[in-house]
Each structure stands twice: as C-alpha cells, then as structure tokens.
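J.: Please read through the structure below; I'll follow up with questions.
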Amino acid sequence: MNVVLKQRIPLKIKRMGINGEGIGFYKKTLIFVPGALKGEEVFCQISSVRRNFAEAKLLKINKKSKNRVEPPCSIYKECGGCQIMHLQYDKQLEFKTDVIRQALMKFKPEGYENYEIRKTIGMSEPEHYRAKLQFQVRSFGGNVKAGLYAQGTHRLIDIKDCLVQDSLTQEMINRVAELLGKYKLPIYNERKIAGVRTVMIRRAQASGEVQLIFITSKRLDFDDVVIELVREFPELKTVAVNINASKTSDIYGQITEVIWGQESINEEVLDYGFSLSPRAFYQLNPKQTQILYSEAVKALDVKEDDDLIDAYCGVGTIGLAFAGKVKSVRGMDIIPEAIQDAKENALYMGFTNTHYEAGKAEDIIPRWYSEGFRANALIVDPPRTGLDDKLLNTILKMPPEKMVYVSCNTSTLARDLVTLTKVYHVHYIQSVDMFPHTARTEAVVKLQRKE
C-alpha cells in the first residue's frame, strides 16, 4: 500500500463510485473520496487504509467540476443522507445510469455488454418527495430531538427541515418531538432499553391522509400526545404503537396496535385505490412510483390468459395493476398485515382472480409449483438483498415465459442476472430516480425466456 493513515495527498478524480464518492489513483492505489466529483483535482487526507484501497476526507478542491452545485441543505455535510446533492441534477441522472453499467461490469451476466440501458427517468421537482419518514428520537438533558444518525455513526442529527422530506410529515415530527418532551415520556437510550425509540410518519399522496407509529420498547400512555396531534393536524387518521424491546438494530418489533383512528389510510397508484396499514411497505416517493409501476406494466406486457406471480407483493400494488388484464394473480409477502391489506384491496376493487399468502417467496412458490400451479408471467420486487438462492433455483427449474425484475439495489440485481440469464434474455433495463440527491436508483428489467 502506497499511502498511510492521515497522509495528505493531491488526487485527480477519474470517475464516481456506486455510493457517489469520487475515485482516483495515487501511486496505483485506489482512493475513494466522498464529496468529490469526476474531473476534479482535490487535496485530501487518508482516513482509512484497507488491503486493496483507501478512503480519504476531502480537504480542498483545487479544480472544481463545472457540474458541481452548492447543496441547498444546511445540514448536508453533517447528515450524509444525500450523497450527491452537490452534483447538478441532470448529471445525477447520468450517474445513476452509469451505476447500473458499473454493477454489470463487476458481475458480468451473460451478454451484459449489449444490454440496452435506458436513460434514468428523473423528477421535474426533485425536492420534498419522501412521503414517509422514520426518525430516531433521543433526549438530551430533557430536550427531545428527532432525526437520523450521521452516516456511519450513532450520533443523532437533529433534523428540523429536510429538503427531501414531505413538508407536512416534517412539520409533524417536529411537533411530536416537542410533545414527547412536554409530557415527559421516557425516551430510549442504548444503556437503558426503555422508552420511545423511533417515530414513523407516512402521508398518502392521493388522499392526504397521515398515519403515525410510535416504536417503543414498552407500553406507554400516549393519550395526551395524541389528543394534541389530532387537534393540530386534521390529516392524521391513524396512530399506532409498535413494541420493540430487542437490543438489535431492527426498527420494528412483532406487535403493532392501532391506538387511535382508522386501521389504514387510502392511497392511489395507476388510477386505482388501495389501503395501507401502518406496517405495510409502500414506496417512499409516490410521484415516481407512478412511473416505476407504469414501466413495470409496460415491460411485462401481459395477455388475458396469463397466470401471474407477484413476488414480494406488499399490499398488492403492482400485481393489482395487472389483475384486470390476466387470468389470475398470486402474491406473497413476509408481513402478514401487508397480505391482509392486499386481500382487502383486491376485494375492494372487485377482483376474484387473486390469491395472497403471508410468507417467503422462496418457500411459497416452490410449494405452489409442487401443487401443480404454473405461472407464465412473474414480477419480482425484492428487498435490497436481492433474490434468495432458493427462489432463483425455482425460477431456473420452471422459468415463466416472461419476467420483470424491479430492483432497488443495482449490485444485487447484477448478481442475480448472472443466474437469470441462464434461462432469460435481458431485453432492456430502465432506471427510475426514486431518491433524488442520493446515490440510490431503482430499475425495471424486462426479461424473456430463451427458446
């Protein structure tokens, strides 16, 4: 290794890495510099030395990129949640398309050099797009603060005005923190596993309805807090409590109870309505979700005699968009509340050709196949960990004719394509910017079974 810890070096940034950092070479050593942009010449200090690379802190930019902008967020550097806010937005979209190429070059699925990778679809107004927040709460001398941990630490950043967060949910979390302090509710700390740990607030774009979850290590009396919140925020329709007494980093425990209001809120996507219970997964960016799901529908190109499996179905949002166009839809999800929502949503919409089960896709789909069911269309929308090996093997043994992979992690997507391209051709990859100003992107992949 040609560098040592705390060494200060000049560096030319050759490209950007998948996490939004600048990458350069110093005496043939690969150096990652968060905050640096392609084409810049910087002065940096080595902060970490690994076997094959080093990380450095940006000290000074000697030659700025013409694509650099001043981040409009006052806590941009301190927070670290928006890794590329200093990059002009149209160039962010180019970067996200390139991230897909980088992932493919690393894993090299069959034929990757010839894949059609379409330009990333961005937002016309890439601010205040997050309709859901999950803020940690901590008490500092009796003063309750809510926010996120600084990147790579357990140091809470008090966030009062987040540029990418929905304005109403931000206003509500600010008030929640005040009320938790006012009524002296116990607040979690890592020495005493007791009190309120996290607050989740989600607003439905279509209805404007809001739901709130207090994640706490024990049962508490939230009556006074709820009374004030309901009086001040007429949009608030659901208040729930989730009990998580574990010492793990898991946000949620197994028990969720609605303590005030209705069981769910109402949302819409692709011109149909559905319900969201407090624990159910739904995309963070409702406006771009319309585009993401439209691209998925277009890519799968179903026929009326198709039997469709919607793996990782959540509340049924993607699958229900197909239900009126196919013979049947089957879906599964690991969250029982989401499956209950999916069943109720299908019933509400009048569909009788749907079937939903709670459980893992890698367990349920092989069982369905062993029972004689066959799907000729498959859509998967897995978590960031990608597809389970067991599910991949099932797909290889009995591949549906057509498949769409909706990915939230380009690395696991490229990894899974190594397996999937044994039986499928990749027609194209369409990325959609669901998280402006961050290094993350989502992608819709159209796959067709090989003849």
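Keep in mind that glycine also has a Cβ here, set from the backbone N, Cα and C atoms.
Residues annotated as active site, nucleophile in Swiss-Prot: Cys408. According to Swiss-Prot, the [4Fe-4S] cluster binding site annotation covers Cys73, Cys79, Cys82, Cys162, on the basis of similarity to another entry. The S-adenosyl-L-methionine binding site feature in Swiss-Prot is assigned to Gln283, Tyr312, Asp333, Asp381. Residues or ranges marked as domain 'TRAM' by Swiss-Prot: 2-60.
On this model, are these features tucked inside or out on the surface, and what's nearby?
T.: Every protein chain shown contributes to the tally, and the Cβ of Cys408 (active site, nucleophile) ends up with 19 other Cβ atoms within 10 Å.
In three-state terms derived from DSSP, Cys82 ([4Fe-4S] cluster binding site) belongs to neither a helical nor a strand segment and is classed as coil.
In the three-state DSSP assignment, the secondary structure recorded for Asp381 (S-adenosyl-L-methionine binding site) is coil. If you take the C-beta of Asp381 (S-adenosyl-L-methionine binding site) and look for same-chain residues 6 or more apart in sequence within under 8 angstroms, you find Ala311, Tyr312, Cys313, Gly314, Ile318, Val406.
Confidence annotation: the domain 'TRAM' (2-60) carries a mean pLDDT of 96 in the model.
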J.: For the domain 'TRAM' (2-60), what does DSSP give as the number of helix, strand and coil residues?
T.: 0 helix, 36 strand, 23 coil
J.: Just to verify a number: CA distance, Cys408 (active site, nucleophile) to Gln283 (S-adenosyl-L-methionine binding site), in angstrom, no decimals.
T.: 10
J.: How big is the gap, in Å, between the Cα of Cys79 ([4Fe-4S] cluster binding site) and that of Gln283 (S-adenosyl-L-methionine binding site), rounded to a whole number?
T.: 22
J.: Sorry to bug you, but what's the C-alpha spacing from Asp333 (S-adenosyl-L-methionine binding site) to Cys73 ([4Fe-4S] cluster binding site), rounded to the closest Å?
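T.: Cys73 ([4Fe-4S] cluster binding site) to Asp333 (S-adenosyl-L-methionine binding site), Cα-Cα distance: 37 Å.
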J.: What residue among the binding-site residues Cys73, Cys79, Cys82, Cys162 has the most other CB atoms lying within 10 A of its CB?
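T.: Top count of Cβ atoms within 10 Å goes to Cys162.
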